[in-house]
Amino acid sequence: MFFLNTQEVQSSSENVPGVQQSPEGQEEYNIDIPQEDIITKFWNCRILKHHKLVQEDLYVRNGIIIDSEQLFYSEKRTPHFDVDCKGMIVAPGLIDLQINGGFGYDFSYYKDTELAVKTVSKKLLAHGVTSFCPTVVTSPYYIYHDILPKIKRQKGGRHGAAVLGVHAEGPFINKEKKGAHPEKFITDHKGTMLSIKEAYGAGYENICILTLAPELRHSDQIIRKLKKDGIVVSLGHSMANLSQSESAVKHGASFITHLFNAMLSFHHRDPGLIGLLTSDQVDLDKLFYGIISDGIHTHPCALRIAYKAHPNGLVLITDALSALGLTDGRHKIGQMDIEIKGGIAFVAGTNTLCGSVTSLLECVKFFHKASGCSMEFALECASLHPAKVLHIEKNKGTLNVGADADFIILNDYFDLISTWIGGDMVYKSGN
Amino acid sequence: MRLVIKEDYNDVSEWAAKYITKKINDFKPGPDKHFVLGLPTGGTPLGMYKKLIEFHNDGKVSFKYVKTFNMDEYVDIPKDHPQSYHYYMWNNFFRKIDILPSNVFIPDGNAQDLQAECDKYEQKMSEFGGVDLFVGGIGPDGHIAFNEPGSSLASRTRVKTLAQDTLRANARFFDNDIERVPKKALSVGVGTVMDSKEVMILVTGSEKAFALYKAVEEGINHMWTVSAFQQHPHTVIVCDEDATLELRVKTVKYFKALPDVVDLTELYADNVDAPQERYDKFKTFY
């Protein structure tokens with residue numbers, strides 16, 4: 001919670017605005033009640049549940065959303081604390097599957113990895129992100145060996161958003177679609193897991209998403225093996241044609257990295273990776289794609305095409321840079337210099353886009369406006385859908401009973417009011 | 001028996017909610033003195049619950065010292081099934097008011113020994129000194145709770161097998177699959193409701209008009225179980241104009257000419273916090 005212990009709240013409830021004991025609590029509620037037993041009720045809110053905003057209360061105990069009806073009838077208990085949400089929207093905490101860094105820190109830079117994760121995870125709370133996948137771009141092996149073990153999975157809390165695992169973007173990608181990745185470190189896995197483990201080293205176990213180009217030789221068997229290890233294989237930075245892409249998905253790939261960017265443009269005779277969105281050869285229920293809806297990386301028209309073609313696979317990502325939250329000027333991404341001009345990030349001295357500086361909540365807002373979809377759907381594209389990619393939709397990205405109480409409170413204009421992890425308020429907007 | 005005729009459904013709902021509010025407040029309930037209220041489910045009382053919640057939010061009534069007994073519940077249906085009466089009561093009423101879970105009683109249709117559960121239910125009611133006000137609705141065939149036509153007018157809480165008509169009517173709530181409609185229910189008996197100090201029955205809509213006629217103008221008959229309340233010394237039937245269609249003009253005129261049963265304009269009572277005070281308690285941190 002956002003208080004330290006029960007006693008403190010008991011004695012000074014006036015000092016903790018927004019929290020008040022229910023009337024019966026004052027009589028029956030024992031001061032020795034264990035912290036994990038405390039039940040908080042969030043009321044006067046619209047909850048995003050089953051794809052709709054419903055007028056319901058949210059009950060939380062020990063960081064988990066509980067069934068209020070069961071609590072009332074079977075346990076015969078009432079909440080200890082009530083939080084008035086003032087008619088606002090309560091939505092699942094946002095999940096960013098691709099973020100390179102932010103606030104001056106870069107996960108791929110050879111120094112200060114722990115500090116980078118710590119700082120970014122803390123500051124992301126102010127953007128409504130409660131879980132994320134730190135993304136490491138193509139790097140030399142010794143860098144992987146150094147930094148990957150330092151990016152450990154961690155639970156979310158007041159210290160910051162949860163780290164779900166590393167998104168390793170490269171080095172097994174296509175040099176012709178390298179984007180902002182340094183060409184000399186792009187390599188081939190030769191179809192063996194040995195070369196994969198050689199590249200990443202001991203930090204391999206921290207990886208949860210791996211972006212590769214499926215046209216590399218023997219990719220299909222590698223994809224199968226990666227999937228067996230519990231890694232989500234994402235297709236991107238690739239020149240793959242449609243049949244190569246479909247074959248990769250049939251072998252277990254389930255995600256596409258920043259759709260439209262760093263892949264062949266749509267061609268009507270060979271639609272390439274993009275064609276997967278309407279493929280009749282793969283199970284589209286299991287295929288998701290990341291898309292950067294910052295208004296720069298993907299034109300609103302392209303956003304709409306993707307949305308209309310395969311809405312349920314749409315996952316909003318930021319692909320944010322170390323410059324997220326910074327002003328114009330020169331910054332570092334991996335081993336490269338980048339330059340921000342007017343809110344747009346370029347590889348220094350070129351016109352190549354290299355990731356965004358827009359926060360995930362702003363992406364949600366832009367996507368809502370550009371696609372004309374419902375607010376509910378826009379929010380789910382950055383919560384439920386990414387959770388499905390990682391197969392964690394029972395615990396994250398949802399406000400169903402049994403899920404982690406990671407959520408955001410926001411108004412109808414997507415302005416963030418507060419961020420909560422495990423039922424604790426971890427960020428509160430200044431306004 | 002009193003018949004209160006209001007213009008439409010909303011007026012009936014409001015009047016019923018006001019009546020309950022007044023009864024609770026006049027009773028001046030406290031930690032050692034609980035008001036015992038019998039409650040129905042179904043479509044008719046929904047508006048009344050909405051109004052009661054409104055009054056509660058306005059600080060006009062508190063349910064902190066109210067004990068409630070529900071009329072019925074299906075057998076073998078999970079408590080969180082959207083058609084269960086546990087679900088109905090929680091979502092339409094209890095979760096929006098300040099009632100304590102320990103004061104809420106609904107028959108448990110999943111109990112091992114159903115008859116024992118029914119006996120326990122009756123026993124609890126009498127332990128608390130009987131029901132002060134039982135609120136009910138009726139079916140088009142004049143049933144009250146699940147006391148289908150033909151039920152004994154002296155019946156107590158028990159397992160009831162539902163009539164084919166009821167199953168058919170309820171199928172719409174179970175994907176139109178009559179096989180999935182629960183075949184049995186636990187229900188308070190006509191005698192159980194008769195034992196309460198006061199009874200209020202809501203009747204709205206023209207489809208209930210014939211049942212209302214049977215209840216008011218015809219004799220006591222176990223084929224129209226609601227007619228039993230002609231024998232109850234304190235029964236109020238609240239109905240809308242549509243429900244009076246089968247009544248004689250004479251009957252309607254007579255009841256309409258009577259002054260209102262109670263003055264329901266003064267709802268504030270001493271035992272309820274004034275609205276401002278209540279809102280002060282709910283200070284927020286935004």
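Cβ coordinates come from backbone N, Cα and C, glycine included.
Marked as region 'Disordered' by TrEMBL: A:1-26.
The compositional bias 'Polar residues' feature in TrEMBL is assigned to A:1-24.
Within the model, the domain 'Amidohydrolase-related' (A:89-426) shows a mean pLDDT value of 93, rounded to a whole number. Per TrEMBL, domain 'Amidohydrolase-related' is recorded for A:89-426.
The annotation Zn(2+) binding site is assigned in TrEMBL to A:E169, A:H237, A:H258. Note on A:E169 (Zn(2+) binding site): other Cβ atoms within 10 Å of its Cβ, all shown chains, come to 29.
Neighbour density for A:R269 (substrate binding site): within 10 A of its CB lie 6 other CB atoms from the protein chains shown. Under the heading substrate binding site, TrEMBL lists A:A180, A:N261, A:A262, A:R269, A:H297, A:L353, A:C354, A:G355.
Annotated active site, proton donor/acceptor per TrEMBL: A:D319, in sequence order. There are 31 other CB atoms within 10 A of the CB of A:D319 (active site, proton donor/acceptor), with all protein chains counted.
With respect to A:A262 (substrate binding site), the closest of these recorded positions in Cα terms is A:H237, chosen from A:E169, A:H237, A:D319. A:L353 (substrate binding site) is surrounded by 20 other CB atoms, counting those within 10 A of its CB over all protein chains shown. According to DSSP, A:L353 (substrate binding site) is assigned to a strand segment. Using a 10 angstroms CA-CA radius around A:D319 (active site, proton donor/acceptor), none of the binding-site residues in A:A180, A:H237, A:N261, A:R269, A:L353 qualify. Note: the CA-CA distance between A:H237 (Zn(2+) binding site) and A:R269 (substrate binding site) rounds to 20 Å. Sorting the binding-site residues A:H237, A:H258, A:H297 by the number of other Cβ atoms within 10 Å puts A:H237 first. In this structure the C-alpha atoms belonging to A:N261 (substrate binding site) and A:E169 (Zn(2+) binding site) are separated by 13 Å. Classification of A:H297 (substrate binding site) by DSSP places it in coil, neither helical nor stranded. Those residues of the chain, other than A:E169, A:H237, A:H258, with a C-beta within 8 angstroms of the mean position of the Zn(2+) site C-beta atoms are A:Q98, A:G170, A:I173, A:G179, A:H181, A:T211, A:S234, A:G236, A:T257, A:N261, A:A262, A:D319.
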